[in-house]
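Take a look at the structure set out below.
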Amino acid sequence: MERYEEEEYLACCGSTQFAKEMVKASPFASVHEAVSAARDIWFNKVDVNGWLEAFSAHPQIGHSPSPDHIAAAAQWSKGEQSTALATATTSTLQELSDWNARYRHKFGFIFLICASGRSTAEILADLKKRYPNRPIVEFEIAAQEQMKVTELRLAKLFSSKIKSTSKGNEHATVSVKKAEEDRVSIISGHLTTTSESSSGKAPQISTRTRPPITTHVLDVSRGSPAEGVEVCLEIWKGTQPRPLFGEPDVGGWVFQGSSTTDADGRSGQLMNIVDVVNPGIYRISFNTGKYCPSGFFPCVSIVFEIKDSQNREHFHVPLLFSPFSFTTYRGS
């Protein structure tokens with residue numbers, strides 16, 4: 001069972017809240033157990049400020065870490081950008097710097113991407129592709145990229161710890177080899193996911209650490225998460241294959257679960273944590289009238305379909321709400 005200090009977890013992810021929660025959750029029997037806990041902590045316990053703190057701990061892509069970076073984090077960052085720097089030219093580095101500045105001006109935080117094994121041209125192409133995104137969409141993407149970096153660094157942390165504690169022990173070779181295999185497995189998983197996404201194939205998802213359908217609510221009129229919004233999840237089980245516009249749907253929707261958003265605007269568990277979600281038509285409803293009695297919308301419902309080919313995916317359905325408008329999108 002491996003136990004690490006807060007600063008070691010802070011080198012993996014620059015959020016103080018994340019590092020403290022990882023210490024509380026430790027020790028871990030393996031790197032995969034640590035990664036599973038890290039995913040749950042990052043997506044379900046770390047707040048918006050914690051995400052921004054982690055983002056700011058990274059050097060800009062194409063730049064070296066500052067002297068005040070944690071030594072391990074600085075070393076890992078250099079390694080993660082080694083392919084990009086090796087494939088860079090003066091012109092591509094200048095273009096990357098210009099786009100980084102544009103990105104930061106628009107979104108308020110640095111462009112974040114898991115750069116391991118990626119060339120400057122690939123990173124620049126992704127930056128340009130993501131730049132037109134709305135801020136809330138890009139915020140979610142950046143958080144996903146941060147999680148990829150965290151997973152890789154956790155694997156490095158476990159590997160380096162085993163090596164440092166196993167000197168002089170002839171039986172330690174197996175442990176070191178296993179740690180390296182775990183690290184390669186995590187890296188390969190990210191490369192496979194990227195490859196499958198670009199080819200249109202559905203990526204394979206490992207055992208879940210959260211329900212397959214989640215949501216959070218942001219109050220855009222206040223610029224903060226919406227706490228205390230009642231949320232309800234239902235699935236369509238009517239006589240028709242799907243609900244029809246303008247037709248009564250009495251008795252067609254079957255309750256799946258309910259919750260109330262917390263201080264971060266996240267709902268609690270709306271359904272069981274299962275690897276394979278039942279395909280079908282789902283409806284997630286928000287009691288916006290109770291949250292904002294003077295607003296225009298007494299409630300907001302979002303209807304979406306999960307197909308057979310998507311039953312291993314995760315569906316995050318956030319609501320961006322103000323008293324007189326709302327919007328949503330498919331998150332990851």
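In case you wondered, yes, glycine gets a Cβ from its N, Cα and C as well.
Small disclaimer: the values here were computed from a predicted structure and weren't measured.
Database features (TrEMBL):
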BINDING   His216, Arg266, Tyr329  substrate binding site
DOMAIN    9-155  domain 'Oxo-4-hydroxy-4-carboxy-5-ureidoimidazoline decarboxylase'
DOMAIN    213-331  domain 'Transthyretin/hydroxyisourate hydrolase'
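Around His216 (substrate binding site), a 10 Å sphere centred on its CB holds 21 further CB atoms from the protein chains shown. Counting every protein chain shown, 20 other Cβ atoms lie within 10 Å of the Cβ of Arg266 (substrate binding site).
The domain 'Oxo-4-hydroxy-4-carboxy-5-ureidoimidazoline decarboxylase' (9-155): residue composition by secondary structure is 102 helix, 1 strand, 44 coil, according to DSSP.
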